[in-house]
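Asks: Mind having a look at this structure? Questions to follow.
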Amino acid sequence: MSDMAERLALHEFTENAYLNYSMYVIMDRALPFIGDGLKPVQRRIVYAMSELGLNATAKFKKSARTVGDVLGKYHPHGDSACYEAMVLMAQPFSYRYPLVDGQGNWGAPDDPKSFAAMRYTESRLSKYAELLLSELGQGTADWVPNFDGTMQEPKMLPARLPNILLNGTTGIAVGMATDIPPHNLREVAKAAITLIEQPKTTLDQLLDIVQGPDYPTEAEIITPRAEIRKIYENGRGSVRMRAVWTKEDGAVVISALPHQVSGAKVLEQIAAQMRNKKLPMVDDLRDESDHENPTRLVIVPRSNRVDMEQVMNHLFATTDLEKSYRINLNMIGLDGRPAVKNLLEILTEWLAFRRDTVRRRLNYRLEKVLKRLHILEGLLVAFLNIDEVIEIIRSEDEPKPALMSRFGISETQAEAILELKLRHLAKLEEMKIRGEQDELEKERDQLQGILASERKMNTLLKKELQADADAYGDDRRSPLREREEAKAMSEHDMLPSEPVTIVLSQMGWVRSAKGHDIDAPGLNYKAGDSFKAAVKGKSNQPVVFIDTTGRSYAIDPITLPSARGQGEPLTGKLTLPPGATVEHMLMEGDDQKLLMASDAGYGFVCTFNDLVARNRAGKTLITLPENAHVMPPLVIEDEHDMLLAITQAGRMLMFPVDSLPQLSKGKGNKIINIPSAEAAKGDDGLAHLYVLPPQSTLTIHVGKRKIKLRPEELQKVVGERGRRGTLMRGLQRIDRIEIDSPHRVSHGDSEE
């Protein structure tokens, strides 16, 4: 091995190499500087364009020229990466305040990377870029050598507004990343002015001004204010954006999409659900976007009965119509170190940067003014002694020392006199020189006054911030509206909600008819079969069947055959126990309370949802004593309703329905006491059950007789649950009972 070779442990070399690479990526590639809000490549592009004279009023120039200058002079990396960074700064849908004004194909919201090659596009700086460049060259920036040491480039640009917040940025470094969202210029400028006026301003006071991020889209930010506050307090979090939609002629029109969301991709996502039959209520999709309406996506429902609010809620949960954006306010501070900062820290530190920039600008200008005043003093001497000055210049071999010695002027003043052309000497006028002197002395005093007074400096900072906010500011684009969390619909929710009537025959054949105006008994039945029951509901509600053993089953109406035919046997869809038949059928809302009972005198309260069993074999709902039967389920409208029980022997008992327990299944509690011996012999059992509103009147039909029981008469049969009841003569063979309630109409959705 050569003596010149350096021996180094491998682990030390790799550690140092990785650390050096990490620091390079963090400091020189991925993270923005808090002062101008730019990464190095962005800064170099903007500076190179300014050096090419491509300001907002210049003619457009080929983008390849700019990229070539950037790569050749400042940024020795790939041309495609450099051009892509330039494209992003030119896209109004990517940057809140674009830095580059592009001509040609610079991509589209649907496909941001569809931009043309740099040999085809042309560009120049936008008007907004003046905020970063206008004070350059006024002593405001530190300059560093470029990569090959042949020229200088600015270490940062003297931004007049907090561009770090206005345009934001994203980047992935080594071991860290940054995701800074864009904000509204007027809000940020106002917050900065407030912080100058009141240095002790709190974060909450700033958040009254800076409402939240402001993306280059009209989509809504739906994150709650409390969560947004946490983001700006901790410097980390996420916000959610949701598309904006309206109804037009029954269809949904989406007019704004979340940031960087492609309308074409959204339509593909919705179409995929339609192909997979997960959106049966949507009939058609259209993209009607054009130059006048950059975003116009149309979703057409199958009918005007479709709940489009529910459909959109589902699409928000399952497509990019709602999107989350990570926020990580990580940046390189004034100390040169990367750190995650909160909103108050960012604005405070940027104001320190801005204050230093303005101070440097004023000092630079003051130095220029003082130099000019010094020269004017010398020129004034020359004017007052014009003949002697001319004589010295004509006669002396070294006129500069002679002038300095004769008039007591400095070398700079003597050089200024000697550099004047004769025609200028002839035009020198004392009033003109003194006029310029007076103006510059006023400016000098003004500059020195501002530099010496913090109050005057603050006034200047506020004035400049307000002027820039007025010149470049605009209204907020992304409104903040708190919305409920979107939830995807289940298969059950996706079923169309249309009125249907389910018809059951005596032989157990079932069918579904559209609408509620159906003459169920008058339908066509198989030979030997006839009508048994009908129930009305919606097509997206399950229909529940209860068999003679107390088991319950549920079927979606959409799976049932049409009423145009004679239906299908339930045994093809359900697996009933041997010898069991379907006894009852009902459709209600999921939370509707029902009374389930057996003729053995037991019962309980449950909800309709407790009856739903999707499997073929169903589930045990009510436990029946030997030889007992299931009574028809009864709807409970109000917790104050009364339950009236009538036995075969004519005994009546009435008590509050809330005396019964609420169960999901079981035998229940005793409603009315029926002696087991009589029940076993069939001499007695529960014959009738009614849920009555208070103050109801009953008309009981026994043969040709009518027995009317008014509220005061019904009070005689009121007792505790489980009692024997009161024996009412002549009520052993009740044909039917009519209920007259002054408070509400009784349920009439089922026929049996």
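Glycine residues also receive a Cβ, built from the backbone N, Cα and C atoms like all the rest.
Bear in mind that the values here come from a model prediction, so they are computed numbers and not experimental data.
As annotated in Swiss-Prot:
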DOMAIN    31-494  domain 'Topo IIA-type catalytic'
SITE      K39  site 'Interaction with DNA'
SITE      H75  site 'Interaction with DNA'
SITE      H77  site 'Interaction with DNA'
SITE      R119  site 'Transition state stabilizer'
ACT_SITE  Y120  active site, O-(5'-phospho-DNA)-tyrosine intermediate
REGION    472-492  region 'Disordered'
COMPBIAS  473-492  compositional bias 'Basic and acidic residues'
Asks: Express the distance between the Cα positions of R119 (site 'Transition state stabilizer') and H77 (site 'Interaction with DNA') as a whole number of Å.
Replies: 18
Asks: On a simple 10 Å Cβ count over all chains shown, which one of the recorded sites K39, H75, H77, R119 is most densely packed?
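Replies: Of the recorded sites K39, H75, H77, R119, the most buried by Cβ count within 10 Å is H75.
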Asks: Under 8 Å Cβ-Cβ from Y120 (active site, O-(5'-phospho-DNA)-tyrosine intermediate), six or more apart in the same chain: what's there?
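Replies: Looking at Cβ-Cβ distances below 8 Å from Y120 (active site, O-(5'-phospho-DNA)-tyrosine intermediate), excluding near sequence neighbours, one finds G104, N105.
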Asks: Hey, how far is H75 (site 'Interaction with DNA') from K39 (site 'Interaction with DNA'), Cα to Cα, in Å?
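Replies: Per the Cα atoms, H75 (site 'Interaction with DNA') and K39 (site 'Interaction with DNA') stand 12 Å apart.
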Asks: At the level of the C-alpha atoms, what whole-angstrom distance separates H77 (site 'Interaction with DNA') and K39 (site 'Interaction with DNA')?
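Replies: Cα-Cα distance, H77 (site 'Interaction with DNA') to K39 (site 'Interaction with DNA'): 14 Å.
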Asks: Using DSSP, would you call K39 (site 'Interaction with DNA') helix, strand or coil?
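Replies: The residue in question, K39 (site 'Interaction with DNA'), is coil (DSSP, three-state).
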